[in-house]
Amino acid sequence: MTSSKMTGPKKLFIKTYGCQMNVYDSERMSEALGGQGYVETDRQEDADMILLNTCHIREKAVEKVYSDLGRLRKFKDVKPDLKIGVAGCVAQAEGGEIMRRQPLVDLVVGPQSYHRLPEMEAQTQKGQKALDTDFPEEDKFEHLKARPKAKRAPSAFLTVQEGCDKFCAFCVVPYTRGAEVSRPVDRILTEARDLVERGVREITLLGQNVNAYHGAGPDGSDYTLAKLIWDLDKVDGLERIRFTTSHPNDMTDDLIEAHGTCAKLMPYLHLPVQSGSDRILKRMNRSHTAESYLRLIERIREARPDIVMSGDFIVGFPEETEEDFQATMDLVEEVKYGYAYSFKYSTRPGTPAAERPLVDAAAADDRLQRLQGLITHHQRAIQDAMVGRTVGVLFEKPGRMDGQMVGKSDHLHAVHVKDCSAAIGEVRPVRIVSAGTNSLAGELIL
Ligand code: 5AD
Ligand code: SF4
């Protein structure tokens with residue numbers, strides 16, 4: 001028996017960095033540690049355990065983890081029993097090095113070992129350090145404690161696939177998250193039904209390469225992501241399905257078709273291209289061209305004309321010239337993204353691109369600014385074009401003003417409605433009346 005049983009629940013503070021998969025993993029870790037007597041707190045100073053769920057995708061993300069760890073010393077000074085843990089992709093990549101560099105860390109756990117957290121926590125209670133960055137055979141989700149039946153917010157993430165076999169030349173994901181693995185269909189459906197029972201109306205299926213999903217169906221046959229979506233479409237009470245992140249080469253015909261025919265599948269697609277230059281795409285090992293990507297988007301738009309596209313871009317990839325960058329600007333001009341995330345190239349040790357000569361930093365900064373300017377311009381134009389249209393909105397929470405409610409449109413725009421009679425978790429038609437910088441304003445159609 002742990003001392004917590006006598007002194008009340010222990011408190012857990014989790015800080016989540018990086019992608020949506022980390023958000024999902026943090027929830028699952030919190031539930032797993034719930035079995036050890038922990039409840040979550042949002043106050044670091046109250047915590048008995050602080051867990052940093054880290055991201056390794058860019059250099060800055062790693063530096064941030066080490067500087068945040070340094071800042072935790074003051075909490076440990078006043079509470080020597082405080083346990084400090086590092087999870088996520090930095091834990092995977094750095095392993096025991098983290099404890100050597102920052103001795104106040106008690107626990108290091110890689111993304112494939114989260115089901116071992118309870119025993120690792122027990123180890124730290126005995127004053128020992130705990131480290132696990134294996135890629136075990138067993139399915140961690142199967143071993144993580146089932147989600148308790150507590151009420152949930154209307155929108156939830158559900159990891160269906162993890163890892164990546166693509167090996168883009170700049171990316172650490174295949175090393176930190178490992179090879180592509182898909183969860184079986186029946187487990188996903190069980191989890192989805194459970195989420196719906198607890199108030200969830202929208203599920204975003206997560207995977208580093210989610211459209212490469214190939215989990216085993218109930219009859220043992222290989223499923224595609226589209227097939228999984230059609231099974232989820234039959235779950236009563238689930239109103240919206242989304243998925244992220246996809247690779248262009250895995251946009252299968254059945255998935256494109258589902259965008260036109262599955263009413264629950266929302267008209268929004270995150271499809272990173274990274275660059276518009278074939279020379280750079282080749283060096284990035286993307287195995288598609290700018291032209292094949294554009295043709296793919298044409299087909300997706302034929303299936304679902306109002307789809308809002310989103311993407312990721314890297315500027316300043318080794319040896320990128322101004323001409324290469326112009327090709328990226330041309331591609332962006334043609335696609336007109338509703339959202340896009342753009343990053344300056346960051347060298348990741350151990351990846352093939354790390355061996356290549358860097359672009360001048362000032363040139364890369366300048367390109368990033370120009371690209372972000374163009375993306376913002378399109379984003380605003382797409383938001384402005386929503387004015388006068390009627391869209392479905394899933395209401396998620398009260399707004400800052402009295403009587404106001406805030407939700408997400410089918411196209412993932414934040415929408416707020418004044419004097420709103422909709423309840424949290426309801427999807428209602430809303431006429432958009434104006435567009436601001438980050439959100440739309442609308443009124444309910446009664
Ligand atoms: N440098 C900059 N951006 C990167 N990304 C992945 N690796 C790097 C890197 N080394 C970006 C890609 C990817 C997104 C999640 O992060 O655009 O799609
Ligand atoms: Fe990284 Fe995505 Fe490329 Fe996989 S497909 S290596 S996760 S950028």
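First residue shown is number 1, and so on along the chain.
Using the three backbone atoms N, Cα and C, a Cβ is placed for every residue, glycine included.
What TrEMBL records for 10-126 is domain 'MTTase N-terminal'.
Look at Cys89 ([4Fe-4S] cluster 1 binding site): DSSP puts it in a helix. Annotation comment: TrEMBL describes Cys19, Cys55, Cys89 as [4Fe-4S] cluster 1 binding site.
Positions annotated as domain 'Radical SAM core' by TrEMBL: 150-384.
The annotation [4Fe-4S] cluster 2 binding site is assigned in TrEMBL to Cys164, Cys168, Cys171. Within 10 Å of the C-beta of Cys171 ([4Fe-4S] cluster 2 binding site) there are 21 other C-beta atoms, taking all protein chains into account. According to DSSP, Cys171 ([4Fe-4S] cluster 2 binding site) sits in a coil region rather than a helix or strand.
Here TrEMBL flags 384-446 as domain 'TRAM'.
Ligand 2 lies under 6 Å from the Cβ of the following binding-site residues, listed in sequence order from Cys19, Cys55, Cys164, Cys168: Cys164, Cys168. In the three-state DSSP reading, Cys19 ([4Fe-4S] cluster 1 binding site) counts as coil. Working note on the binding-site residues Cys55, Cys89, Cys164, Cys168: by count of other C-beta atoms within 10 Å of each C-beta, Cys89 ranks first. Contact annotation for binding-site residues (Cys55, Cys89, Cys168) versus ligand 1: none, no CB falling under 6 Å from a ligand atom.
If you compare Cα positions, Cys55 ([4Fe-4S] cluster 1 binding site) sits closest to Cys171 out of the binding-site residues Cys164, Cys168, Cys171. Residue counts for the domain 'MTTase N-terminal' (10-126) by DSSP state, with H, G and I taken as helix and E and B as strand, are 64 helix, 24 strand, 29 coil. In three-state terms derived from DSSP, Cys164 ([4Fe-4S] cluster 2 binding site) belongs to neither a helical nor a strand segment and is classed as coil.
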